[in-house]
Amino acid sequence: MASSSYYSSTIVSVVLVIMVSMLSFASAKLSTDFYSKSCPKLFSTIRSGVQSAVSKEKRMGASLVRLFFHDCFIQGCDGSILLDDTSSFTGEQTAAPNKNSIRGFGVIDDIKSKVERVCPGVVSCADIVAIAARDSVAILGGPSWDVKVGRRDSKTASFSGANSGRLPGPTSTLANLVNRFHAVGLSTRDMVALSGAHTIGQARCTTFRPRIYNETNIDTSFAKARQSRCPFTTNGRGDNNLAPLDLQTPTNFDTKYFQNLIKKKGLLHSDQVLYNGGSTDSLVQTYSKNPKTFYSDFVKAMIKMGDINPLTGSQGEIRKKCGRVN
Ligand code: HEM
Ligand SMILES: [Ca+2]
């Protein structure tokens, strides 16, 4: 008797576990209307925050797009990158790919406080980052799309994850880039389309110095021009001098980035490998000539990237301030 009641209670708990996991699976889907009742003013609030930040400094649009990418690639799109270091905890901001480089925290904090005023305790920082990235692209002249929301914020961040090579570096080979994106469920086509985000924004000398001095698949006059503000030295001089990733229109979201690659004017090694006699050349050519194809692939890939491992349902929390857990 004891054993049969043991078995029936085991069955009951197994069924319960399956039901609960089905429930949390059902709630694990992001949707575009997640806040339509709980925060109808969300999108307009974020849009005006991004608009005023980009009006002050156009580069901020680029920085916000990159913030979303670096958030999503570490633990999924969960706002982990926004967490400041504390005495008991080191976050992602000082990891190599982010240190002295990733920007936009102040803008996200300002937007979050505006959002808290219109709908307190409802909207995650992770969703604000996703929406701000979309708005940035649109404000700089690129495509727009409906952003899926319903993410929750992590209670942790991963310094080691952000430092572990999950985020590809500027000296990556093509195979390396393909692998890093495949590791989070993004295809080679997604990777090339998303790299098109380098149509906006700036990079530091330290990230492109090896390319402009050592490589041969680079336009000579372009290399010379970049060398003038990026000295050949290992003592750190000039490391933080900036150059545009797209030499033509670094504040317009367009196809010039791909046209530059065809002219051997990619700034980073990891840019030029996309057009260097390999398997992605033809796609670069397509995007360089067809803004519609680039835009539609970019949008699909941004939505896919936004779907990487979100926290949903009762997972994580809705942070009150984006820089720290509640
Ligand atoms: C394919 C692999 C990628 C590599 C190796 C890479 C690498 C880099 C590097 C080294 C910088 C310059 C950072 C600095 O010097 O401080 C940069 C900037 C930037 N990246 Fe990427 N990136 C990649 C993909 C992406 C993706 C997927 C996005 C977004 C969808 C993106 C958006 C940006 C933007 C907008 C900037 C300029 C940021 C600013 O001006 O503040 N990148 N990237
Ligand atoms: Ca551009």
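Placement of Cβ uses the backbone N, Cα and C atoms for every residue, glycine included.
Annotated features in TrEMBL:
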DOMAIN    29-326  domain 'Plant heme peroxidase family profile'
SITE      Arg66  site 'Transition state stabilizer'
ACT_SITE  His70  active site, proton acceptor
BINDING   Pro168  substrate binding site
BINDING   His198  heme b binding site
BINDING   Thr199, Asp246, Thr249, Asp254  Ca(2+) 2 binding site
Integer Å distance between the CA atoms belonging to Arg66 (site 'Transition state stabilizer') and Thr199 (Ca(2+) 2 binding site):
12
Sorted by sequence, non-Thr199, Asp246, Thr249, Asp254 residues with Cβ within 8 Å of centre, Ca(2+) 2:
Ile200, Gln248, Pro250, Asn252, Phe253, Thr255, Lys256, Tyr257
List the residues of the same chain that sit at least 6 positions away from the residue listed as 'heme b binding site' in sequence and have their Cβ under 8 Å from its Cβ, in sequence order, or write 'none'.
Leu245, Asp246, Tyr257, Leu267, Leu268, Asp271
Measuring Cα to Cα, tell me the gap between Arg66 (site 'Transition state stabilizer') and Pro168 (substrate binding site) in whole angstrom.
13
Write down the Cα-Cα distance for the residue listed as 'active site, proton acceptor' and the residue listed as 'substrate binding site', rounded and given in Å.
10
Compile a sequence-ordered list of residues in the same chain as His70 (active site, proton acceptor), six or more apart from it, whose Cβ lies below 8 A from its Cβ; state 'none' when nothing qualifies.
Ile81, Glu92, Pro97, Asn98, Ile102, Ala162, Leu167
Would you mind sorting out which recorded positions among Arg66, Thr249, Asp254 put a C-beta under 6 angstroms from ligand 2?
Thr249, Asp254
List the same-chain residues at least 6 positions away in sequence whose Cβ sits under 8 Å from the Cβ of Thr249 (Ca(2+) 2 binding site), in sequence order, or say none.
Thr199, Lys256
Secondary structure at His70 (active site, proton acceptor), reduced by DSSP to three states:
helix
Pick from Asp246, Asp254: which of these binding-site residues has the biggest number of other Cβ atoms within 10 Å of its Cβ?
Asp246
